[in-house]
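S.K.: The structure's right below; bear with me while I get my questions together.
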């Protein structure tokens, strides 16, 4: 099979602490993969290694069959591998529209300002932020900030999105809004890795589930089966 | 007529008006004062390219400025180059210095970058002090020509030169603000990691900004040996340039090129006035006092005050 993302033997240590240990994982094009695990299990470290924030790790990460070794975050983003941050990180001095235009202005080749704004506008329409296009981040609600974060990651129609806890702290109906957005984007062809503690969302969304505990992948497969295995119950649910 | 063309014509008209106004005064001191004010306009606009647009505070203004001044001294002494060519060379060399320093230090973020740039001035000053061809610690003299082909009066020529440089810097800064580069720098200033995740090549844009900023500062310093006729390392690398430039920009406001221009004109006019009427030693005291007032009462500078009064809050 030709995976969009293939991770082999990924390891990362901070001093004497092993944050990730020999992780192997593959994501097929257009797949929806859920990634769960207790706090401190290495999920965010995993994202940072794949997105290029930690260049110094062991193992290989292949994206579209191309090794990403040594590639900086912006180069990976331009290839179509985008991520959102756990805490929204908007560009505060830019309008919502400009925020979403930035990735387009810095794609290869770059879009002209007018084209970038038109496409950013269409993307804001999709996530439901179009009526706030001229506002600044400080006037947005928490759920709108998450939508902005998603719009910025999705506007370039990436091949793979890593959604790092985009639903944390949102209400029931807000979680549904974000889920709808992610489903819609998935239909448009983007493979999505969802890292999430909101179990209702992960189980509803994922075609496949991987579980990290203490830097190791302890289970992977069909969500129901994985959640029913004793190791996962013991480690993740603390039973 | 396009907005850009109108803007450039406006800049040119401002320049011509300034020249004729000062000719009416017809006093050498007027050219001197105008020169110093414009020099600070140029330095502040340059400093703001890195600090205001990209969010990187450079404490090395004096280093780039002095590099420009010493480029003129060395090229005049060795090749007897014309000042205009020296200014261009100073731009290239200081821009190259900006690139080199940026490459070494821009991996450092925030305050660490600032400390690194501060040490640049110390390193370069030590180098010049021990370089006897450049005049060493006792300094170097520059013979000032009697006149100039186009401008009878050499003081007027220096003023016009600085005027052209300052207006050129303003045009460049205004262009950056509206360009793709400006948008990328704003993203870096707001959140560097998020900018990288959005595909912005952060290191490359920061290097471009440092090079442009450094080149402008170097050109600001290039005519100094002719303006002062004598230059020593202590004067050229004076921390005063660094502090004045920062204070003027912060007082004016960092949001656009207008801020540094307003700050530099107001503060250096005030300084020049005080030098004549009170004492020349009071300059830094004035800067310090005004800066403290602004930090307490208007932390976003004059531009921030204007925007607040118009009720368009915007950026945090």
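Backbone N, Cα and C atoms are what each Cβ position is placed from, and that goes for glycine too.
These came from TrEMBL, pasted as-is:
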type	residues	note
TRANSMEM	B:7-26	transmembrane segment
TRANSMEM	B:32-50	transmembrane segment
TRANSMEM	B:57-75	transmembrane segment
TRANSMEM	B:81-104	transmembrane segment
TRANSMEM	B:111-134	transmembrane segment
TRANSMEM	B:154-176	transmembrane segment
TRANSMEM	B:207-227	transmembrane segment
TRANSMEM	B:247-270	transmembrane segment
TRANSMEM	B:282-302	transmembrane segment
S.K.: Contact between the transmembrane segment (B:154-176) and the transmembrane segment (B:32-50) is defined here as three or more C-beta pairs under 8 Å separated by at least 6 residues; is that satisfied?
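M.R.: Contact between the transmembrane segment (B:154-176) and the transmembrane segment (B:32-50): present, because at least 3 Cβ pairs are under 8 Å.
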S.K.: What else in the chain is close to the transmembrane segment (B:7-26), if you only count residues 6 or more beyond its ends and a Cβ gap under 8 Å?
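M.R.: Those are 34, 156, 159-160, 163-164, 167, 170-171, 174, in sequence order.
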S.K.: How about the transmembrane segment (B:154-176) and the transmembrane segment (B:247-270): do they have 3 or more C-beta pairs under 8 A, pairs 6 or more apart in sequence?
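M.R.: Per Cβ check, the transmembrane segment (B:154-176) touches the transmembrane segment (B:247-270).
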S.K.: Any residues 6+ beyond the ends of the transmembrane segment (B:207-227) with a Cβ under 8 Å from its own?
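M.R.: Residues 32, 35, 39, 42-43, 45-47, 49-50, 53-54, 56, 58, 61, 64-69, 71-73, 76, 83, 86-99, 101-103, 106, 140, 142, 144, 154, 158, 161-162, 165, 169, 172, 176, 181, 185, 236.
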S.K.: In the same chain, which residue numbers or ranges, 6 or more beyond the ends of the transmembrane segment (B:81-104), come under 8 angstroms Cβ to Cβ?
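M.R.: Residues packing against the transmembrane segment (B:81-104) from afar: 60, 63-64, 67-69, 71-72, 75, 116-117, 120, 161, 165, 206-207, 210-219, 221-223, 226.
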